[in-house]
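Here's the structure we're looking at; comments come further down.
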Amino acid sequence: MLHPETSPGRGHLLAVLLALLGTTWAEVWPPQLQEQAPMAGALNRKESFLLLSLHNRLRSWVQPPAADMRRLDWSDSLAQLAQARAALCGIPTPSLASGLWRTLQVGWNMQLLPAGLASFVEVVSLWFAEGQRYSHAAGECARNATCTHYTQLVWATSSQLGCGRHLCSAGQTAIEAFVCAYSPGGNWEVNGKTIIPYKKGAWCSLCTASVSGCFKAWDHAGGLCEVPRNPCRMSCQNHGRLNISTCHCHCPPGYTGRYCQVRCSLQCVHGRFREEECSCVCDIGYGGAQCATKVHFPFHTCDLRIDGDCFMVSSEADTYYRARMKCQRKGGVLAQIKSQKVQDILAFYLGRLETTNEVIDSDFETRNFWIGLTYKTAKDSFRWATGEHQAFTSFAFGQPDNHGLVWLSAAMGFGNCVELQASAAFNWNDQRCKTRNRYICQFAQEHISRWGPGS
């Protein structure tokens, strides 16, 4: 067992006095923790740091190695509570055991010694030395020996520490009380036997998800589980700021990329900047790296041209509202069939397309096609996506069949959107908007005019 070295003479004397004179406690209590004003004789910041560092160093020295040992952090609330208990000079009181924090179990190590006999650091080191008499394999202390200070000191799940010291008077003898409080506490018993303080194994190999980091200082023998400083396992370059909740870098102006590693000074003249790719998304009718070039309308992509309007038939399927959005992104709208001529030409084309055209997305539910007509419950009528009233109609026989169930349509999305139905010679049918259909985008003259002149 590794432990801090003390001079042989003084170490032997301390051990004897601990056995003969020292009064010790190592217990678990549900106390009341409150923010209080600093008490006279409380540990200063340097002493607190030394005790915390010593505790963590000793916890990293346990043998066999601990797989789940937590790193301790200093708690001013626990320190105030420990100071208050040290001031009792070993006299138990029920008042400390009552209060608001009954659910928080706190473990205690306490030592009473003649004043000046030992420093707090030496007392903690002697608590750890009790481990020489503790068998981790058997989970018990040697006969007629005390190990409870040791087991509390190395209790794996304890994560907070606070200590206090007080000079007491006992007749003509000055007594010094040393107290440390640990939260959560340890030394739990099952059927009269104290359970082992930690699980053995490779350091940090059994850390829980909330403390998945592994802390190891230069003077530590092994690692201690801690809240990871950087759970994303990444860092942002060029003064980027890491959001550890999303593991995303917020880059300063002029930089982009996952780690802000790409210098980007691109300006989009007619478009918006896509930060993650350092590129421009151009407005309709513009192209080029900076969206500065006026481009011609891509008439070669039209499947049909009717009276100057361009119609594009999708090779993929989607819901009605997603299909409408995709047409809008291209600068058009879902097809608006306002005459028998357009209806006849589309029906003829789609009938031929049914057996000749390949699709890139076979995950569609029907062989039908969305057009830009929906039922508006507020107006109790079908309207085109532009808001225009539907004057021309080509509903199939018996359709629309959900028109009378307005409440059902609104509540469940039945029959609110219109498709060209293959089984009815591509006449219209009202359908659930969440159905996945192919769709037809239309580019009328007002859409095409936004592009550069072309043929």
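The count begins at 1 with the first shown residue.
Backbone N, Cα and C atoms are what each Cβ position is placed from, and that goes for glycine too.
According to Swiss-Prot, the disulfide bond annotation covers CYS236-CYS249 (among others), on the basis of similarity to another entry. Residue density at CYS236 (disulfide bond): 21 other Cβ atoms are found within 10 A of its Cβ, drawing on all protein chains shown.
According to Swiss-Prot, the disulfide bond annotation covers CYS251-CYS260 (among others). CYS260 (disulfide bond) carries neither a helix nor a strand DSSP state and counts as coil. For CYS260 (disulfide bond), the same-chain residues 6+ apart in sequence whose C-beta sits under 8 angstroms from its C-beta are CYS236, GLN237, ASN238, HIS239, GLY240, CYS249, CYS251, PRO252.
Annotated disulfide bond per Swiss-Prot: CYS327-CYS441 (among others), in sequence order, evidence recorded as similarity to another entry. A sphere of 10 angstroms centred on the C-beta of CYS327 (disulfide bond) encloses 24 other C-beta atoms.
Neighbours of CYS417 (disulfide bond), defined as other CB atoms within 10 A of its CB across all chains, total 27. Summarising the annotation, Swiss-Prot assigns disulfide bond to CYS417-CYS433 (among others) and lists similarity to another entry as the type of evidence.
For 228-261, the entry in Swiss-Prot reads domain 'EGF-like'.
Cβ neighbour count for ASN144 (N-linked glycosylation site): 6 (other Cβ atoms within 10 Å of its Cβ, all protein chains included). Sequence annotations record features per position, and here Swiss-Prot assigns N-linked glycosylation site to ASN144.
Residues annotated as signal peptide in Swiss-Prot: 1-26.
When averaged over the domain 'EGF-like' (228-261), pLDDT in the model lands at 81. Among the disulfide-bonded residues CYS417, CYS433, CYS441, the residue whose Cα lies closest in space to that of ASN144 (N-linked glycosylation site) is CYS433. In this structure the C-alpha atoms belonging to CYS441 (disulfide bond) and CYS433 (disulfide bond) are separated by 17 Å. All protein chains considered, the CB of CYS249 (disulfide bond) has 23 other CB atoms within 10 Å.
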